[in-house]
Structure formats: structure tokens, C-alpha cells
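Trainee: TrEMBL lists these features:
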DOMAIN    1-138  domain 'Nucleoside diphosphate kinase-like'
BINDING   K9, F57, R85, T91, R102, N112  ATP binding site
ACT_SITE  H115  active site, pros-phosphohistidine intermediate
Amino acid sequence: MERTFVLAKPDAVQRGLIGEIIKRLEQRGLKLVAAKFLQVSTDLAEQHYAIHKGKPFYEGLIRYICSAPVMAMVWEGPQAVTAVRQTMGATRPTEAAPGTIRHDFGLEVGRNLTHASDSPENAQAEISLWFKPEEMVDWKQSNETWISGNN
Ligand code: GTP
Ligand code: MG
């Protein structure tokens, strides 16, 4: 089953939206397999967003991610990467579809509430950057077959 890495960014934490974000992913049928609440160090932020180094918004992005705590999570399910990106919406909240988190709670690209991995390969890299293997919880969701069953 596919896994993806998700962050409730500092603005989501400060605005009391952690529960809302988790609620939407739970309602979608995805399964939470790891979570932690932490203050991100500059070092971790730079590793996480290394791909954006040199872009005009890079310095501001690092400041943003380190500006308050974040909730880091791993979610699992069929096509979890695509499903979560869809629930988050487009990067720019004003381009995100109504019903997505970024549309429903956001206005500015620099305060877009969430991060989600953009490919299964990047998901694996991000999960190992943020979590130790022993922090992943292997559990069976009792309604799993009603969400992702193949009968
Ligand atoms: P993430 O899930 O956070 O990686 O967002 P994304 O994959 O939808 O977008 P991308 O990886 O291209 O950009 C990473 C983050 O940088 C975005 O989520 C924004 O917070 C920020 N960002 C991207 N483009 C801009 C921009 O043009 N201006 C500003 N201020 N921030 C930007
Ligand atoms: Mg991205």
C-alpha cells in the first residue's frame, strides 16, 4: 500500500487547523501510520526543501516552515500520493479547487497550510528524512476492506 508524507505547516498549527486537516484525510479513507509535533530546525527545513534552493521564495519558505511548530504525518492508502495532493489542492490557494484544504482555508501561496509529497519516490525520501523506521505504526484499520477492498 502506498504511503505519503504530509505536513500541517506553521500557519495551519497557529490557526488551529490540525484537526481539520486530519479529519479530511481520515474521511477520505486514508490511514494514519505516523505522526509527530515538532519545531523544525533550519537544517531539517533546508534538507526537506533542497529542491527549491536558489529560487526567489526559498529563504522565505525556510523562515515560514521554521516559524512555529508543525505536525508531521505519514498517511497510507491506495494511490495515497495522488489522493492527498488532490485533497490539499493546487499550490496557490487562489488556484485551488473549492473543497480542497488550500482553497477552503487559504489565500496566499506563502501561507498554504500543508505540504504533501509529489511522487511515491519523494514520499519515501521524505518519510525517511522525517521519521525513524520504529516511529511507523503497523496497524489494521477495522473498516479497511470497505474502503480499499477488492471484492
Ligand atoms: P509543498 O507540498 O509545500 O511542496 O507544495 P507544492 O508541492 O504544492 O509546491 P512546490 O513544491 O512547488 O513549492 C513548495 C512550497 O514553496 C509551496 O507549498 C509554497 O509554500 C512555497 N512556494 C512555492 N512557490 C512560491 C512562490 O511563488 N512564492 C512564495 N512566497 N512561496 C512559494
Ligand atoms: Mg512540493
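Every residue, even glycine, has its Cβ placed from backbone N, Cα and C.
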Trainee: At a 10 A cut-off on CB-CB distances, which of the recorded positions R85, R102, H115 has the highest count?
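Mentor: Result for the most crowded candidate: R102.
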Trainee: Within the set K9, N112, H115, which recorded positions show a CB-to-ligand 1 distance under 6 A?
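Mentor: Near the molecule: N112, H115.
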Trainee: Indicate the candidate from T91, N112 with the smallest number of other Cβ atoms within 10 Å of its Cβ, considering only these binding-site residues.
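Mentor: Relative to the other binding-site residues in T91, N112, T91 has the fewest Cβ atoms within 10 Å.
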Trainee: Largest pairwise Cα distance, Å, within the listed ATP binders K9, F57, R85, T91, R102, N112?
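Mentor: The ATP-binding residues span at most 21 Å between Cα atoms.
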Trainee: Would you pick out, from the binding-site residues K9, F57, the residue whose Cβ has the largest number of other Cβ atoms within 10 Å?
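Mentor: Checking each of K9, F57, the winner is K9.
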Trainee: Please work out the helix, strand and coil residue numbers for the domain 'Nucleoside diphosphate kinase-like' (1-138) from the DSSP assignment.
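Mentor: In the domain 'Nucleoside diphosphate kinase-like' (1-138), the DSSP-based counts are 68 helix, 26 strand, 44 coil.
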